[in-house]
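Visitor: Swiss-Prot feature annotations, pasted as is:
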- 1-50: domain 'ClpX-type ZB' (DOMAIN)
- Cys9, Cys12, Cys31, Cys34: Zn(2+) binding site (BINDING)
- Pro117, Thr118, Gly119, Ser120, Gly121, Lys122, Thr123, Leu124: ATP binding site (BINDING)
Amino acid sequence: MTDEKETRCSFCGKSQDEVGKLIAGTSGYICGDCIDLCHTLLHEEIEAEEDESADEIEEKLPTPHEIREHLDDYVIGQDYAKKVLAVALYNHYKRLRSGHKTDAVELSKSNVLLIGPTGSGKTLLAQTLARMLNVPFAMADATTLTEAGYVGEDVENIIQKLLQNCDYDTEKAEQGIIYIDEIDKITRKSANPSITRDVSGEGVQQALLKMIEGTIAAVPPQGGRKHPQQDMIRVDTSKILFICGGAFAGLDKIIEKRVHVGSGIGFNAEVKGEQDELTLTDLFKQIETEDLIKFGMIPEFIGRLPVIAPLSELDENALISILTEPKNALTKQYQALFGLEDVELEFTPESLKAMAKKALARKTGARGLRSIVEGILLDTMYDLPSQENLAKVIVDEDVIEKGEKPKLIFK
C-alpha cells in the first residue's frame with residue numbers, strides 16, 4: 001500500500017490518490033490531466049503553424065501598386081488591364097484571408113475576363129501574376145473542353161492540372177490561379193437557347209458555371225480515371241481565382257453598333273467623322289454584359305466573371321519594346337544563350353523595327369516574335385557549337401527583310 005501511495009505522475013508530481021489513474025511507461029508515469037494538457041498544447045501548436053502559414057501569405061500579399069510594378073517588369077503596355085488585374089488579384093486574396101466574410105457581409109469572387117487580340121499578353125499576364133505570388137497555376141484551352149460524358153476534356157480535368165502542379169497538395173491548389181484561354185470559342189451557336197445539345201459551346205459554359213462560382217470538385221487521385229468505388233480528392237473551387245481570356249473577334253462591331261446611335265442615313269442622321277472613330281481599346285472599355293450575351297455568352301456565365309479587363313492591340317513601338325525591355329525579353333534570352341558559348345549577339349535597331357513590322361503583318365502580336373527570332377537564328381544556333389574562334393553575331397534588317405544570314409565576326 002505504501003508503494004502505491006508513493007507512485008506519482010512524472011510530469012506534475014501528483015500522487016495516484018489525487019489523479020485516480022496513472023499510465024506507466026518504461027521510466028515513469030503520466031496522469032490523465034497531463035495527457036489532456038499535452039493534447040491541448042499539441043493542438044494549439046498545429047493551429048499556430050497553420051495561422052503562421054496564413055500570416056506568411058498575408059505578409060507576402062503585395063498592394064495593387066506593387067502588383068502593377070511587377071507586371072511592368074514582364075509585360076509591355078496594357079496599363080488599364082494591369083490596373084484592373086492588380087485590384088482584382090488583391091481583392092481576391094484579401095477575401096481568402098478574411099474567410100469570405102467581413103462583419104457578416106459575404107465577399108463575392110472577383111474572377112476576371114481578359115478581352116484582347118491574339119498576342120496582346122493575356123496568357124503572360126496570368127502567368128506572371130501566379131509566379132509573383134508563388135501560387136499554383138494551370139492553363140486550359142476552352143476549345144478542347146466538352147460536357148461530361150462526351151468525347152473531349154472534362155471541365156474537372158482543369159482542377160486536376162492544378163493539383164498536378166502542386167504535387168496534389170489540396171490546400172495549395174485552393175489558393176491557385178486557373179487561366180482558361182480561347183473562352184470566346186465556346187459561345188452558343190445562336191442568341192436564343194437551343195433544344196439540341198451544344199456540347200462544345202453553351203454546354204461547356206454551363207459545365208464551367210459552378211466550378212468558376214465555387215463548388216466542391218471531385219477529382220480522381222494521381223490523374224486516374226473516375227469510377228464509382230474510387231476515393232476522390234475534393235477541392236473547394238470557391239477559393240481559386242479563375243481568369244478567362246479570348247480575342248472576341250467581332251465583339252467591337254456589337255459594341256460600336258450600341259454606342260453609335262447615329263446611322264449616317266437620312267437628312268437628320270448624325271454623320272460620323274474621322275474624329276468620332278473609336279479604337280478597339282476604347283470600344284472594349286465601353287463593354288456591357290448585353291454585348292457579350294449578343295456575342296454568344298450565356299448571362300449566367302458572364303455573371304461569374306464580374307471583372308472585365310480589355311487589352312489593346314500592340315503597335316510597332318510596343319513590339320520593339322517587348323523585344324528589348326522586359327526582364328525576360330526575347331533578345332536578352334537569345335543573347336544569354338549565345339553567351340553560354342562565349343559569343344556576343346547583337347540586334348541592330350533597324351532589325352528590331354523590321355521584326356516588329358513582320359509580326360504586325362502576320363497579325364500574331366507578341367506571340368509571333370519568338371517564331372521570327374527563332375527562324376532567323378536557327379542555322380546560326382545549329383552551327384554555333386562547332387564554330388571556332390567566333391566572337392560576335394550581328395543581326396541587321398537585311399536578315400529579316402531579305403533572308404540574308406547574320407554577320408559572323410571571328411576573333
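A Cβ is built for glycine as well, from the same backbone N, Cα and C atoms used for every other residue.
Help me understand the surroundings of these features in the structure.
Guide: Cys31 (Zn(2+) binding site): 23 other CB atoms within 10 A of its CB, across all protein chains.
Other Cβ atoms within 10 Å of the Cβ of Gly121 (ATP binding site) number 29 in total over all chains.
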Visitor: Quick check: with Pro117, Thr118, Gly119, Ser120, Gly121, Lys122, Thr123, Leu124 left out, which same-chain residues have Cβ atoms within 8 Å of the centroid of the ATP site Cβ atoms?
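Guide: Neighbours within 8 Å of the Cβ centroid, excluding Pro117, Thr118, Gly119, Ser120, Gly121, Lys122, Thr123, Leu124: Gly116, Gly245, Leu311, Gly365, Ala366, Arg367.
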Visitor: Any idea which of the binding-site residues Cys9, Cys12, Cys34, Leu124 has the thinnest Cβ neighbourhood at 10 Å?
Guide: Cys12
Visitor: How many whole Å apart are the CA atoms of Cys31 (Zn(2+) binding site) and Ser120 (ATP binding site)?
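Guide: Between the Cα atoms of Cys31 (Zn(2+) binding site) and Ser120 (ATP binding site), the distance comes to 68 Å.
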Visitor: Out of Pro117, Gly119, which of these binding-site residues shows the lowest number of other CB atoms within 10 Å of its CB?
Guide: Pro117
Visitor: Among Thr118, Ser120, Thr123, the binding-site residues in question, whose Cβ has the most other Cβ atoms within 10 Å in this structure?
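Guide: It comes out as Ser120.
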